[in-house]
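A.B. asks: From Swiss-Prot, here are the annotated features:
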SIGNAL    1-20  signal peptide
DOMAIN    21-83  domain 'LCN-type CS-alpha/beta'
DISULFID  C31-C82  disulfide bond
DISULFID  C35-C57  disulfide bond
DISULFID  C43-C63  disulfide bond
DISULFID  C47-C65  disulfide bond
MOD_RES   R84  arginine amide
Amino acid sequence: MTRFVLFICCFFLIGMVVECKDGYLVGNDGCKYSCFTRPGTYCANECSRVKGKDGYCYAWMACYCYSMPNWVKTWDRATNRCGRGK
């Protein structure tokens, strides 16, 4: 029983340390990375460049990435500044 409790505790600690996020990649201008006219592997390559596990061109024609580190900027409706002055 003690080993089981220890295993569960370690499992939660690992989960807290290895935090990843999913979302749309954002450029310096605050806009999502467009993939409308890009090759099929463009988003997967861009996502791997920022240490994401995988990515694809979503219906909004923007790159969506999975399992990226927390330091990567992602698009958020609340903080959207695309098309606005800096």
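A Cβ is built for glycine as well, from the same backbone N, Cα and C atoms used for every other residue.
A description of the local structural setting of each listed feature is requested, covering burial, neighbours and distances.
C.D. replies: For C31 (disulfide bond), the same-chain residues 6+ apart in sequence whose C-beta sits under 8 angstroms from its C-beta are W75, C82, G83.
C57 (disulfide bond) carries a strand DSSP state (E or B). For C57 (disulfide bond), the number of other Cβ atoms no farther than 10 Å from its own Cβ, over all displayed protein chains, is 20.
Cβ neighbour count for C63 (disulfide bond): 26 (other Cβ atoms within 10 Å of its Cβ, all protein chains included). Under the three-state DSSP scheme, C63 (disulfide bond) falls in the strand class.
The Cβ of C47 (disulfide bond) lies under 8 Å from the Cβ of L25, K53, D54, G55, C63, C65, Y66, M68, each of which sits 6+ residues away along the same chain.
Over all protein chains present, the Cβ of R84 (arginine amide) has 8 other Cβ atoms lying within 10 Å.
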A.B. asks: From the Cα of R84 (arginine amide) across to the Cα of C35 (disulfide bond), what is the distance in angstrom?
C.D. replies: 21
A.B. asks: From the DSSP assignment alone, can you count helix, strand and coil residues within the domain 'LCN-type CS-alpha/beta' (21-83)?
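C.D. replies: The counts are 11 helix, 20 strand, 32 coil.
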A.B. asks: Check each residue in the chain of C43 (disulfide bond) that is at least six apart in sequence and keep those whose C-beta is under 8 Å from its C-beta; list them in sequence order.
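C.D. replies: Listed in sequence order, they are L25, Y33, C35, G55, Y56, C57, C63, Y64, C65.
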A.B. asks: Once the chains shown are all counted, how many other Cβ atoms turn up within 10 Å of the Cβ of C82 (disulfide bond)?
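C.D. replies: Result for C82 (disulfide bond): 11 neighbouring Cβ atoms inside 10 Å.
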A.B. asks: Identify, among the disulfide-bonded residues C35, C65, the residue whose Cβ has the fewest other Cβ atoms within 10 Å in this structure.
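C.D. replies: Per-residue Cβ counts within 10 Å for the disulfide-bonded residues C35, C65 bottom out at C35.
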